[in-house]
Amino acid sequence: MTGRDALSDGRARSRALVPGGPSTGSRPRGFAITDLLGLEAELPAPEGPGPGSGCEGPAAAPRAGPGLGGSCPARGALPLGLGLLCGFGAQPPAAARAPCLLLADVPFLPPEGPEPLAPRFPGRPPPSAARQKRSESVSTSDEDSPSEDRSDRKASPAPSKRKKRRHRTVFTAHQLEELEKAFSEAHYPDVYAREMLAMKTELPEDRIQVWFQNRRAKWRKREKRWGGSSVMAEYGLYGAMVRHCIPLPDSVLGSGEGGLLGSCAPWLLGMHKKSAGTIRKAESEEKLAGLWGSDHLKEGSSPHQAGPQRGLEEGSPVSGVEDVVIDLSSSTRQETDRAQQGVGAQGRPDSEGLEGLQPGKEGAL
């Protein structure tokens, strides 16, 4: 038989001898050190309180003394912690004891301190101080958050504010006249033109720029008819006419009878007239080049044949500029012929050489 078995047998005998104690089979085994080691057999069961005693201090104090302090034989030999556990293990179950436990009965705790002592480490603050700091941080964060919310509320309405509307500029009749005149000259004036216009009208340059933007928008909305929407539309139509050899519409030609300003497409009509003049000029240059080549081929012809030819040219429907050019070319040819004849006379005066050589030349021809 081992020592543990002997202890368990002794515990059973002691329970049987104690009057009014609980039965051995009905009491469950606890998980305390005394229950696990079998030390409860050597502890006598304390007397239970009366039915009407309750939790009175004077009645409970003398009862707790022998249960915790003097009845444990191994109390002096065991360390401090094991002695405390031994005293707690010797107590009966909660059903047989008083309904409340007085912390003042424990000899290791002061009567005033309800909280158990916690081990303190040198580098770690006590739990009460940590809880206090945590509560302070929570309170400070709660106090700071409304101020941040208030600052956000103050900052958020600032962008949502609508900007003040700028006052409308009232233009005088003189200013409008100058602006309309500049708009008729150029729809997109540069900075220099706007600055000059600002000096004339005594208006700021940015106001003039805004006026031109509004005026261009108004002009685009108003000019909806064909050929009058914009200069770029007229330019595109003119390019299509040139590429595909499309004649100018009769409506544009008819509107230009009273002048370019009265036409529905003044720029297009002006470009058409310029192109027609360029074509006419090219044809006249070709005629002049042909006449000049024929004159060089007829080096041996007499100057008398130039007269009928000039008469025919005068009778032809050619412009006055072409007649002047032809006359200049014939006179130049006559002068060159006379110079050649003067060199071949060999000592004769120019007039006699010309008179003597003229009949011979005619006879040879």
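The backbone N, Cα and C atoms fix where each Cβ goes, and this holds for glycine too.
Residues or ranges marked as DNA-binding region in Swiss-Prot: 164-223. For the DNA-binding region (164-223), the number of residues in each DSSP class (helix H, G, I; strand E, B; coil) is 42 helix, 0 strand, 18 coil.
The compositional bias 'Basic and acidic residues' feature in Swiss-Prot is assigned to 1-12.
Here Swiss-Prot flags 19-45 (among others) as compositional bias 'Low complexity'.
The feature compositional bias 'Low complexity' is assigned by Swiss-Prot to 56-65 (among others).
Marked as compositional bias 'Pro residues' by Swiss-Prot: 114-128.
Summarising the annotation, Swiss-Prot assigns compositional bias 'Basic residues' to 160-169.
Taking the domain 'CVC' (224-277) as a whole, pLDDT averages 62 in the prediction. Taken from Swiss-Prot, the feature domain 'CVC' applies to 224-277.
For 1-65 (among others), the entry in Swiss-Prot reads region 'Disordered'.
The annotation region 'Disordered' is assigned in Swiss-Prot to 114-169 (among others).
Residues annotated as region 'Disordered' in Swiss-Prot: 294-365 (among others).
Sequence annotations record features per position, and here Swiss-Prot assigns motif 'Octapeptide motif' to 31-38.
Residues of the same chain lying 6 or more positions beyond the ends of the motif 'Nuclear localization signal' (161-166) include none with a Cβ under 8 Å from any Cβ of it. Annotation source Swiss-Prot lists motif 'Nuclear localization signal' at 161-166.
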- Message: Can you break down the motif 'Octapeptide motif' (31-38) into helix, strand and coil residue counts using DSSP?
- Response: 5 helix, 0 strand, 3 coil
